[in-house]
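**Student:** Quick one: the structure is below, and I'll ask about it shortly.
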């Protein structure tokens, strides 16, 4: 018997109910016989009125398994109950677009990119699990988003990961970051997907709530687009992939849909455990099944596991489903039916297969060495056209009998109270433009070196070289470039560019403009490579929706993003909402992370970011204003966050994009780099260091001060390098598109970054400042040299061939160029 | 010429190795781990990846795949075999090459563009390079640290069987900076970096990787003409 002291919580609580019956699990029959049985709905995160609604739908109390299923499907994570009313903005404001083949509500959005090819991409969060168990949390985040892409019928071809951590020098960041990075690498590398970009941002607001978002992109022949509907009475329901275990039980309802508290550490069993090898086999099996036309419907199992997959596939088709739960292959034979339904074990897919195809499907699974088991069948809708029912038995006990739509579609919807944060007016009044600025050349020099060594602006190689960027052989550009660029077709050179961006500080100062700024930056990152931006995916990371201030930020950000997409004429094709990124009363900065997909008719014309040749002309595109509020400069040098974020002008972004696309087609530009965090100074340093080419820059005497020129974060700007001979054509093109343009310098044969009349910094000094930060914080090759080198038994170490690890980074890039 | 590329469960760079073979001018033939038939190929590439999930030990299970039994026999008979990354690990596990690949000394997976110095050019896979030539090839592995006992290392160096060493930095702690080795006959080569990712200007840091694939074509052409593989004494 349980007592008050050791009262179990979460899903363990459902077992109390189960165990009370000596003769097997809680069944529909028992629910009818004992209607007043007290049920632990509150422990599962259900409110009183939600529980009452479940009883009303069923006409009785739910069984233990049903209760668990409702608690999962009606959780914030699965039902979007707090965000739904706001997300309608995306649908209402979706620009006219003929490319979109699948949109919001599907596993991932799909856009057509040529007569016969389509691309699907989506970004998703795995924030809470990654804090509890960084390696597995981040790894299964990659696995989950990749299965979403796979479920659409696409071969996954790359991943990206926007990450946010607490203060770089906080001890817990040293626990979380290396684990997250190793998890992303461990899973993605083993899956054979190149990692082509992302973000790494540090801010104390993410200390107890790191953001681990993952994006995946896939490509497919248009006709291979898959559906999730469980159509066809008599069709077989097949569970394929890993066996079902006790990992991840309660992940979505317990972990993802509640605020963290001190017990978070004890929730480790709620984090799933990944097996990328199994996922690789699952990918190959699914693609073989698609190509052979053996699948009628498919859905991945991720958060909410079998519960979600069964109810969504049945609800989407309006059919019923009959499932024999004891047929599910288990890792632990003692699992209860509730646990089987709630398990979030990774690397599983649910297939709907016609009876005549079943044998062929099982054969493909066998070829790849994955489990595939027929666990149920599709049953008809009611004779009167009413949807069918989901009937689940476990060893002849009826444990579930529900209308699937009531779980998948009829969850509660809340229009939660909203209120502008009370401190916002004061925050916006505290402008960074009034802070003390460096003015002398020496001060500017010191500021540049300090800025590029700061955790948010420094070189991220320590992280990115733990990811495979080459596998699949189609990576044209990867981090640290502005966008990841992939070739889709070796014959036509059709390609895509992809970027993910967000700025929590901007969104904290103004969530509406902040969301637009994130969209603008991502759009610009894609556009400066020469690609045409065509679609958007988003991951909206916020605090608790039960806090009216957070809800206000969310509504503002969604409206900003929807308005922005409408203005730019590119649709939001899908995405993810992550609430409850909050520890106690402290919410994270509102952090909309926006992914933009761009298209190349010919990917060989992509524009990289680094200077390659000396003697080329440097042009600054766009208008520079004294916009310092929310900037990296204010944060790094004054620990300041206040004022209003930079002005965003989407028409100007569009003009810049069109100019760059045209310049790329005409091959007028050899390098281009988007200006954002850290401003022009950061861009000059990055573009110089990429291939060790120096630059000399001169600011016009009558313009803004050198300081503002270097550190302002005005949006809508890019730096481009134009080979001599092309400048007239390029300047004329800029005029044609109405993009402000100023020649500010040249690339130089000297390995120095010079700002005329202000300072000169040798590239070697810049490189040292830029690259030392992360290895110092998280350990690196330097630390390893001090360790005992492997002992070579009996052999004297010959000169020049001893085991040493380099202390300095070799020059990036290679000798050849296209 | 037909170059076979093996796909084990968990092979990842198999498509890329096949592409590289095609770009070099060969016909790429996909070989399946469960099928012992080599389909008459003239050479075999064991590609990178995580065969069998790297479970037990990298390459330890792949070594027992049905296709490997045929490859081991054929390699002893002179068939040119190139093992890249995981393929190198498989060749060591299969005892076609000495030594072993262990966890990177710094314990991280590492992907970077790596300079190598080609040393031995009298193998089936390196005869198109010049001795001492420096080439730029991507390296990407978590367990690429080459180890062997001192006697083996001395013998490899004395017999000219180190085909390439890491220069300008050792990415994984390999003993004596060894990036790749060959067997006594010169027909079996294992290399940790990935030549198949340096075969196109659009996607690679250089075109240096092509040399491995053109070398084997040259060796095979020589063998056809002269009746002997280039892998022997030159």
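Note: Cβ is positioned from N, Cα and C throughout, glycine not excepted.
What TrEMBL says about a protein is an automatic prediction, not a curated fact.
According to TrEMBL, the protein has these features:
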type	residues	note
ACT_SITE	A:77	active site
ACT_SITE	A:126	active site, proton acceptor
BINDING	A:80, A:122, A:538, A:575	ATP binding site
BINDING	A:124, A:576	Mg(2+) 1 binding site
BINDING	A:125, A:126, A:127, A:128, A:147, A:272, A:344, A:345, A:346, A:578	substrate binding site
BINDING	A:148, A:300	Mg(2+) 2 binding site
DOMAIN	A:42-81	domain 'Phosphoribosylformylglycinamidine synthase linker'
DOMAIN	A:105-220	domain 'PurM-like N-terminal'
DOMAIN	A:233-382	domain 'PurM-like C-terminal'
DOMAIN	A:481-599	domain 'PurM-like N-terminal'
DOMAIN	A:615-756	domain 'PurM-like C-terminal'
REGION	A:799-818	region 'Disordered'
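Describe the structural context of each listed feature in the structure shown, including burial, neighbouring residues and relevant distances.
**Tutor:** DSSP assigns residue A:77 (active site) to a helix in the three-state reduction.
Annotation for residue A:126 (active site, proton acceptor): same-chain Cβ neighbours under 8 Å, separated by at least 6 residues, are A:137, A:138, A:140, A:141, A:144, A:212, A:213, A:214.
Around residue A:538 (ATP binding site), the same-chain residues six or more apart in sequence whose CB sits under 8 Å from its CB are A:123, A:561, A:572, A:575, A:576, A:592, A:593, A:594, A:595, listed in sequence order.
Counting only same-chain residues six or more apart in sequence, the Cβ atoms lying under 8 angstroms from the Cβ of residue A:124 (Mg(2+) 1 binding site) belong to A:141, A:144, A:145, A:148, A:213, A:214, A:215, A:539, A:575, A:576. DSSP assigns residue A:124 (Mg(2+) 1 binding site) to a strand segment in the three-state reduction.
Of all Cβ atoms in the shown protein chains, 29 besides its own fall within 10 Å of the Cβ of residue A:346 (substrate binding site).
Within 10 Å of the C-beta of residue A:300 (Mg(2+) 2 binding site) we count 27 further C-beta atoms, all protein chains included.
Mean per-residue pLDDT, taken over the domain 'PurM-like N-terminal' (A:481-599), amounts to 96.
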**Student:** Specify the count of other C-beta atoms within 10 Å of the C-beta of residue A:576 (Mg(2+) 1 binding site).
**Tutor:** 22
**Student:** Please identify which of A:148, A:344 has the densest Cβ environment, defined as other Cβ atoms within 10 Å, among these binding-site residues.
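**Tutor:** Top count of Cβ atoms within 10 Å goes to A:344.
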**Student:** Tell me whether residue A:147 (substrate binding site) sits in a helix, a strand or coil according to DSSP.
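**Tutor:** Assignment for residue A:147 (substrate binding site) reads helix.
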**Student:** DSSP three-state call for residue A:576 (Mg(2+) 1 binding site): helix, strand or coil?
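**Tutor:** The residue in question, residue A:576 (Mg(2+) 1 binding site), is strand (DSSP, three-state).
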**Student:** So, by DSSP, how many helix, strand and coil residues make up the domain 'PurM-like N-terminal' (A:481-599)?
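**Tutor:** Per DSSP, the residues of the domain 'PurM-like N-terminal' (A:481-599) fall into 44 helix, 41 strand, 34 coil.
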**Student:** Sequence order is fine: just name those recorded positions in A:77, A:122, A:147 with a Cα within 10 angstroms of residue A:300 (Mg(2+) 2 binding site).
**Tutor:** A:147
**Student:** Which numbers of helix, strand and coil residues does DSSP report for the domain 'PurM-like N-terminal' (A:105-220)?
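**Tutor:** Residue counts for the domain 'PurM-like N-terminal' (A:105-220) by secondary structure: 48 helix, 43 strand, 25 coil.
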**Student:** Could you state the whole-number distance in Å separating the C-alpha atoms of residue A:80 (ATP binding site) and residue A:147 (substrate binding site)?
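**Tutor:** Between the alpha carbons of residue A:80 (ATP binding site) and residue A:147 (substrate binding site) there are 20 Å.
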**Student:** Name, in the order they occur in the sequence, the residues of the same chain whose CB lies under 8 A from the CB of residue A:122 (ATP binding site) and which sit 6 or more residues away.
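**Tutor:** Looking at Cβ-Cβ distances below 8 Å from residue A:122 (ATP binding site), excluding near sequence neighbours, one finds A:107, A:108, A:109, A:145, A:148, A:149, A:215, A:216, A:537, A:573, A:574, A:575, A:576.
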**Student:** If one measures from the C-alpha of residue A:147 (substrate binding site) to the C-alpha of residue A:77 (active site), what distance in angstrom results, rounded to a whole number?
**Tutor:** 17
**Student:** Residue A:77 (active site) to residue A:127 (substrate binding site): how many Å between their Cα atoms?
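**Tutor:** With distance taken Cα to Cα, residue A:127 (substrate binding site) is 12 Å from residue A:77 (active site).
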